[in-house]
Amino acid sequence: MATAGKVIKCKAAVAWEAGKPLTMEEVEVAPPQAMEVRVKILFTSLCHTDVYFWEAKGQIPMFPRIFGHEAGGIVESVGEGVTDVAPGDHVLPVFTGECKECPHCKSAESNMCDLLRINTDRGVMIGDGKSRFSIGGKPIYHFVGTSTFSEYTVMHVGCVAKINPEAPLDKVCVLSCGISTGLGASINVAKPPKGSTVAIFGLGAVGLAAAEGARIAGASRIIGVDLNAVRFEEARKFGCTEFVNPKDHTKPVQQVLADMTNGGVDRSVECTGNVNAMIQAFECVHDGWGVAVLVGVPHKDAEFKTHPMNFLNERTLKGTFFGNFKPRTDLPNVVEMYMKKELEVEKFITHSVPFSEINTAFDLMAKGEGIRCIIRMDN
């Protein structure tokens with residue numbers, strides 16, 4: 001493309017301070033260096049992780065910064081050594097990477113790349129420790145290696161999944177983070193047998209995706225557990241068959257679920273990050289074969305306490321990261337699940353706004369309205 005090797009000036013939504021509305025700025029985006037790609041973002045969406053680090057209540061603030069990590073775009077140019085993707089390829093940026101060289105990437109079991117796994121404290125490129133974004137010569141920090149709230153962004157090639165160009169980017173962009181995380185937690189990690197009973201703790205976007213995964217796997221009962229009963233009706237669209245609101249019961253949730261399921265559920269997936277919900281999700285699975293999967297990220301000081309007999313009685317506890325999907329290897333297959341109509345993505349998308357109104361997406365999330373809001377970069 002004519003812009004290859006040159007600095008590109010474009011619009012980006014910049015966070016200058018914690019919790020303050022993003023402002024539209026003209027930024028300069030440097031060309032990609034070795035093993036990097038520059039991508040024209042067409043659609044992006046807002047994830048809770050963006051909001052968490054934008055609020056910067058529980059971690060070191062890093063501003064000014066360009067947030068965003070759920071997106072779809074087209075490769076504009078590539079740096080030296082890049083062979084996997086070329087200009088014009090349709091891609092999904094991913095907050096965690098796959099270098100394909102480290103022990104994790106070579107393992108059939110792990111997706112936790114040594115080089116490119118998520119690092120929320122790094123605001124620069126891994127290659128040279130510099131930012132590719134600037135305003136008037138002043139660097140602007142990156143976010144989780146993606147920074148998709150910009151018309152153009154630069155990423156390590158290991159954080160870019162090349163997908164079917166026929167796939168609509170305004171739909172499949174949501175597969176680059178939360179939806180795949182929940183889906184994979186069910187189909188790759190919990191692996192519910194056909195006809196089994198699954199409990200999903202937390203019915204936000206990730207929990208609904210976990211329910212969708214359980215539905216795809218053939219679970220016959222999918223029990224949604226949430227303190228917000230308003231979410232229940234919507235969750236039926238994602239396969240939930242019944243619901244438990246802990247506020248409606250005097251017994252512990254794990255006992256309520258055991259009573260409903262003749263001793264415990266076959267699988268549970270915990271998507272809240274609340275350590276008490278994690279304990280409940282583990283203790284509600286059936287002895288002998290029950291498997292609980294933890295997806296939600298707990299508070300840094302949280303402690304998980306349960307009696308060792310719960311393990312000795314043959315309950316299994318697993319953790320997962322990005323649904324155990326390897327980004328470059330597996331995400332193209334998730335997109336194909338959508339293309340084959342095995343996975344419904346449209347029902348996750350409840351709102352859409354032009355890029356100039358990106359702060360509306362933050363307002364919707366703050367109010368708990370909707371599931372995913374698509375941000376259209378072309379307005």
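Note: Cβ is positioned from N, Cα and C throughout, glycine not excepted.
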Which one, C47, C113, is listed by Swiss-Prot in the same Zn(2+) 2 site as C99, C102, C105? C113
Beyond C47, T49, H69, C177, what residues of that chain have CB atoms within 8 A of the centre of the Zn(2+) 1 site's CB atoms? H48, D50, G68, E70, F95, V144, S176, G178
So if I draw a 10 Å sphere around the Cβ of T49 (Zn(2+) 1 binding site), how many other Cβ atoms end up inside it? 19
Neighbours of C99, C102, C105, C113 excl. site residues, C-beta within 8 Å of centre, Zn(2+) 2: G97, E98, K100, E101, P103, H104, K106, D114, L115, L116, G158
Check: min Cα-Cα distance from H69 (Zn(2+) 1 binding site) over binding-site residues C99, L203, R231, R372 goes to R372
For the binding-site residues C47, C99, C177, A205, V295, which one has its C-beta crowded by the most other C-beta atoms within 10 angstroms? V295
Taking 10 A as the limit, how many CB atoms besides its own sit near the CB of V297 (NAD(+) binding site)? 13
